[in-house]
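As recorded in Swiss-Prot:
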type: BINDING; residues: Y49, G74, C75, S76, D98, N99, N141; note: S-adenosyl-L-methionine binding site
Amino acid sequence: MTEPLETELYLSSEKDELFEKGPWPKPFAFNAEVVKVFDNMVCRSVPLYREVVAGAVHWTRAYYQPKTRIIDIGCSTGTFLELLGRFLKQPAILVGIDNSSDMLDKAKEKLAQVEQIHQIELICESAENCSFEKSSVVVMNYTLQFLSLPQRQKLLRAIYQGLVPGGLLFISEKIRSDCPQFQETITHHYEAFKAKNGYAQNEIERKKEALENVLIPLSEAEQLQMLKQSGFSYIESLIKLHNFVSFVAFKSD
């Protein structure tokens, strides 16, 4: 019988009003002001965010191999690692990578209790400069989309090479449709989702403008192709709503 997972996330309660009151970052960057409200921002901006984090924990537990590492690329404030640390019974090496020192400061606070059970390593570095050797699970949620296309393929290949046989990549990304009419409808529903979560239209427009040429989404087919070209033998889409999707990719040998 599958053990139930407590999915109550450890999140900061500070409300995201960054694009209402300003000064808002343009172009968008994960600076100290964004970090303060990041937990609230991501929950109100990413559909099914809690389900994605919980799903990543379930898949990590299923594919984790003892004496290997679990790596979270773009770990931000440590929400996934904190939930995983509560759920994973055996001591493990949990690695969080982020190029924002402010994010890692928040993650360190959030992981204080988890650190009593697991070995925690927080690395302030760009993912493309990191090693993924001896990892059985790599999680990368909403991170690859901020890199250039050549960097994305290079990073995915490095992850594949670093994973042990039987290892897993859990990856979530914002995507776009190849069909202009579909994309228009998706955008309409996504902005309605954000409005329902309390964002005013001017906030939505300001953030969209700040993210222009910073977050560059690919189509779902392009995402799958990049994963295949990196060497992954089996790939499945798990969670999808509006213009966000999560995949699992398996390394068989």
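Along the chain as shown, the residues are counted starting at 1.
Any Cβ shown, glycine's included, is placed from N, Cα and C.
Taking the features listed in Swiss-Prot, we show where each one sits on the structure.
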residue	record	Cβ contacts under 8 Å, 6 or more apart
Y49	S-adenosyl-L-methionine binding site	V42, C43
G74	S-adenosyl-L-methionine binding site	I97, D98, A127, M140, N141, Y142, T143
C75	S-adenosyl-L-methionine binding site	L81, G96, I97, D98, M103, L104, A107, L122
S76	S-adenosyl-L-methionine binding site	F30, F38, V42, D98, S100, M103, K106, A107
N99	S-adenosyl-L-methionine binding site	F30, C124, E125, S126, A127
Around the Cβ of N141 (S-adenosyl-L-methionine binding site), the count of other Cβ atoms that are within 10 Å: 25
Count of other CB atoms lying within 10 Å of the CB belonging to D98 (S-adenosyl-L-methionine binding site): 25
Where G74 (S-adenosyl-L-methionine binding site) falls in three-state DSSP terms: coil
Longest CA-CA distance among Y49, G74, C75, S76, D98, N99, N141, per record bound to S-adenosyl-L-methionine, angstrom: 21
